[in-house]
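Take a look at the structure set out below.
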């Protein structure tokens with residue numbers, strides 16, 4: 001496989017993964033909407049936090065490092081040592097499942113009431129499903145190394161459909177068995193993975209042999225079994241060292257990625273119901289981040305990586321520096337406006353959104369306050385994504401190493417602050433801890449940007465705050481939405497969705513003010529919307545310029 005084919009396959013793999021993540025988020029969002037009307041929110045806390053964390057922790061510890069190392073071995077002719085190494089995941093999964101299931105059963109606190117009766121069997125079933133999945137690991141690693149991308153997409157999609165259908169049917173017909181549906185569904189998906197991967201390669205080897213296609217390093221299912229020839233080394237010890245290195249690198253990432261769930265699980269500060277509410281609100285708040293912010297951040301990081309080098313700006317092409325500075329300025333302005341819109345429009349209607357989504361179950365607790373804090377986090381995430389992405393893509397190697405150390409320190413700050421805030425304020429404390437660490441990261445990135453542009457005529461951070469008319473429109477929208485929300489809560493004759501409608505209308509007004517006051521940004525956006533007819537683009541530009549002259 002040449003470099004172009006590898007690049008094309010990698011792009012397809014990344015695209016499929018992104019689509020699967022989006023589909024998973026949408027399905028989870030819809031599934032929670034359905035389940036919350038039939039079962040207690042504590043069930044969601046148990047399934048989406050406690051059991052999910054057990055499953056992801058066992059699999060991460062037992063197989064993640066093996067996958068990262070062995071999937072890069074496609075150029076090897078002799079896969080015997082690689083296969084032997086991958087089979088170690090079975091041993092590591094059995095050990096991890098025993099250790100973590102014991103911790104979940106004997107160290108962590110149990111749920112209360114009826115959930116306690118189902119807790120032990122659920123933990124054992126999830127651990128068993130992890131062990132089942134370890135037995136298709138050699139086939140999976142081989143399929144990814146040789147770019148069988150569609151195989152993974154098909155099986156992942158089937159597994160997602162199987163799990164969701166089982167949960168929906170059970171919750172609708174017998175909601176008291178929702179927990180059983182959760183862990184039986186997971187065992188069923190693991191069996192699907194096990195049978196799917198092995199069956200596919202049984203057919204694939206038969207098909208390639210029949211059609212006389214080029215042989216792969218492994219030509220039959222028996223090639224996936226471990227082999228121990230006399231007088232030869234069983235393992236490639238270079239790969240073993242790489243596995244250990246990747247494991248240590250990924251450990252910190254795992255803790256940070258699932259930090260909130262670890263804190264909720266290890267500490268006894270939050271009940272299962274509070275964990276369920278937090279998970280639901282967090283999923284709602286992450287929609288804007290997943291669908292809008294992350295694509296913009298990835299595109300911006302790629303642009304700055306290609307445009308600038310990791311050397312002082314004085315040594316680079318002045319035209320490239322000027323363009324990058326202007327793009328950074330516009331991105332910061334746009335992300336600031338987006339984040340402030342989330343705050344000024346989202347905070348007043350947060351309770352309405354939760355009421356329409358989950359009813360009194362979410363609005364009678366700390367749900368509305370959590371949702372308002374998530375609106376503030378969107379502002380910080382929007383600003384941090386661009387500034388940190390730029391700094392990471394363009395700073396010198398020395399600054400990048402210092403930034404890695406800074407991130408480790410920030411992680412420690414997050415853990416300490418999260419424990420303190422959760423103890424004082426319950427689940428909102430997790431959002432507060434996130435806000436603290438995001439503020440530190442933004443400050444660090446702004447410092448690096450200012451330092452980089454010292455001695456140049458450019459200053460992308462200067463005047464990047466929104467203009468006065470934009471701030472006025474946001475404040476007016478906040479007041480109007482707050483009044484509507486107040487009257488809905490005090491006057492029952494108003495529809496409950498009135499604040500949401502007012503938020504949409506005010507959002508359109510704010511968008512118009514931004515369009516009028518940001519002609520340069522408008523030109524950039526319109527130039528990317530090639531599907532719009534030129535007449536429509538010209539009309540939009542003419543209307544905004546006419547309005548500017550009138551002002």
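Using N, Cα and C of the backbone, Cβ positions are placed for all residues, glycine too.
All TrEMBL annotations are machine predictions without curation.
Feature transmembrane segment, per TrEMBL, maps to range 471-488 of the set 471-488, 525-542. Per TrEMBL, the range carrying the annotation transmembrane segment out of 154-175, 220-241 is 154-175. Of the two recorded stretches, the transmembrane segment (181-203) does not lie close to the transmembrane segment (82-103), with fewer than three CB pairs under 8 Å once pairs fewer than 6 apart in sequence are set aside. With a cut-off of 8 Å between Cβ atoms, the residues of this chain six or more beyond the transmembrane segment (41-61) that come close are 32, 35, 92-93, 96-97, 100-101, 104, 108, 111, 115, 119, 122-123, 126-127, 129-130, 133, 178-179, 182-183, 186, 247, 250, 254, 258, 261-262, 264-265, 271-280, 358, 361-362.
Below 8 A, the CB atoms of the transmembrane segment (471-488) and the transmembrane segment (405-425) form no more than two pairs separated by six or more positions in the chain, fewer than 3 in all.
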